[in-house]
Structure formats: structure tokens, C-alpha cells
């Protein structure tokens, strides 16, 4: 086995580099110190550990379709101008040609391979259908958005799917809009179903630059995720001339030495299966071959002061229950709130799960009220990746999230005021303090 170095996220003023047998973090964010954490990865040929999965065929199909979905995203993003290819949903959140295209692609491919397994996806085609019918009624002189989706899908879908036209694409998108709880005529029982977030972090997709977004796909069987795949196309990486070293690179910082000795590209894909661990590889299939993946593990900081806490890029850390829980805990009371080591990420929740599973962040907290419905597609693929990387994800009462996201519905609620994902060691240390602080904030 060849040694491989992997690093973390290059993100808005953060330069994060992982070296073999050591994690070195450097930051231009004020009041954040540089620390080192022992961490190592080794390159595995093929799906060495993942091949023992009882869902191997589905895992390989999920990896393949997410990889193609990421290609679709990068292609659409590079050609977008202004609000071209973008609509606003009823909740005023943006949705793009890429969101719809990814859901159609995944629906068509998985429906062809596994016709008996339903798909639970974020999008539906109602807005597209309405716009398509309006354009047809007007004589069809102006191109409808669904026609643009057909164009971007054409180079990526399998010929076995059949003819690709507007109605086929619209029906494929709506297949994902059918929740498991309402039933699916192609599925006699709902013991297994796919969960898809075509783009988690559409805001990051539209922003571009170093903002992150994730294509997330999971398979739920008998009430829990058994495999998950996350593609993160916008993560910048570089690799050495002999391709023995992979490192994340900030687009805001490229040293002359690294420029001279490395080739730059973007994108990582992460896969996990129940009992098979968590693995990553560059999105580029030619690096160094399509079958090589790298074992991914959560970080193991020596103390809380060595930990990195992931937050949203628009979050105020000083008002976060996690910040106050750390400051009031027995293990973190010697630290001032302004001295915590932070990793601000945009956008969505899956990129934060990605960071924890990759070892780039030690923990993150998502606040949510007891009656606030959360969507399964924002969490399912991230939960299994963190768990298989050695981490832990629960609500603030300690209930494992894997059983909440596998409830057979497209949403779920949590107890205690939120979700805590960590490298596991921080769970026992901080969960009660976080719960108390969250309760205090809610009063």
C-alpha cells in the first residue's frame, strides 16, 4: 500500500493542509492558532474494504451516478450567466437547472438499475411543467428550462435509459418527489429507498469561488442508512507530480513552491457503507485510477483546545450554544470564546458532515426546534459517512440520527434543540452542556 496525504478544505481565508502522519492547519483568520494532530491515511486499491458490503452493487452504482452528477453541476455552473437557469421555489429558496438535472439523472439511472427501490428527493417538476406548458402555448419559440435540462443530461445519461425528452425528464424528477410514506406503485414495500439531495447548498453553487455544495445520495434499508455518497465538486485540491500526495488547496493561497511541484484540480467524492468504513477519492476518474480510494477518519485532537469547530459562514460564534457550552464545560472553561478554532463553511449541512468525516473539523452543531421539521436529504448521506469515519451524530438528547433519518418519511424532528455531529470523543464531553445552553437560549 502506498502512503497518501490528504488534506482538508480550502475555504475563505483558511489554508488547511494534511500531511502523512500529521495534520497541520494554517489560518489567516485572526486569533486562531496553528495546531498539529496525528492523523494518517493509506491508499487502498479498488473498494478493498467496501467490497464486503451486502449492498456492493448499489454502492458502486451510487458512486458512478454521483460522479456524473458532479460533472453536470460543474458544466452548468461554468456556463451560467446571472439568473439564467435559475428559479425561486415557494419558500423563496433558489433552484437551478443543475438541481433538476441531478435529480433527473439519479432518478433515471437508479430507476433503470433498481426499479423496485423508490427515490425520495428534494425537487419536484411542478414549476418546470408550468413553464414548459406556457412556452408551448406561446408557440415554443422561446426555450423552456426543461429543454435546457435535457441538453445538459444528454452527454451523461446511459443509452439504456432510452430516449431522453422533456416528458421523460419531468417524470423522472417527479419520481423523486414521491415520498415513501405515500407509497410508490413500483415498490411493494418500503423497506428500502434512496434519499437524494441533488444540490445541498444551492446558495454556494450559485456563489461560486470557494463556497461549497454537495450532491448527497443515501440508501436506507430497514430504518437506517446503509450506504452514503457525497460529491463535493468545488473543493480545491492539488497533487504532486508523482501523484503520491493529495492535498486540499485554498484558492486564496498558493505558495510558489506548491505551484511548482503540484497540479491543481477540484473535487472529492466520499463513500461509506455500513460496517465498511468511509473512503474518499478525487472526482477525476483518471486520478490515479477509477478504483483507488483513500480511507477517511475523523480527527483525534489531544484536547478540546486542539479541536476545530465547524460553523456556517454567516453564523455568529459568540452567540452559539456550542461556544457557550465549551466555555462553561469542565474541559473548555479555560478557553475564551474568541480563542476557539473555527472552520466557517458555506453552504448547507452536508459540507459540514463532509468536513467532520474527512477529519477537517472536530464537530458542528445545527440548532433546530423540537417541532421544526428537518429534511432527510439534508442529513442521510452525511450521517453514515461521519459514523463510518469513526464519528457520532445525534440529537441533543443523544438519540442516534441514523434512526431518525430512516423513519420512512421525507422529514423528521429532533429532541433537545438540535443536532450534534462530532469525532465521537467530544460527544460525551459536551452533549449535556450543549443541551443546557440550547435550552437556556430558547427560554
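Residue positions begin at 1 at the first shown residue.
Cβ atoms are placed via backbone N, Cα and C, with glycine included.
Of the residues 378, 395, 411, TrEMBL places 378 in the same Mg(2+) site as 122, 197, 199, 200. With a cut-off of 8 Å between CB atoms and residues at least 6 apart in sequence, the same chain places 99, 103, 176, 196, 197, 198, 375, 377 near residue 122 (Mg(2+) binding site), listed in sequence order. Neighbours of residue 200 (Mg(2+) binding site), defined as other CB atoms within 10 A of its CB across all chains, total 31. In sequence order, 197, 200, 216, 348, 349, 350 constitute the residues six or more apart from residue 378 (Mg(2+) binding site) in its chain with CB-CB distances below 8 Å. The Cβ of residue 199 (Mg(2+) binding site) lies under 8 Å from the Cβ of 73, 96, 98, 99, 102, 205, 213, 214, 215, each on the same chain and at least six residues away in sequence. Secondary structure at residue 378 (Mg(2+) binding site), taken from DSSP and collapsed to helix, strand or coil, is helix.
Under the DSSP three-state reduction, residue 122 (Mg(2+) binding site) is assigned to coil, being neither helix nor strand.
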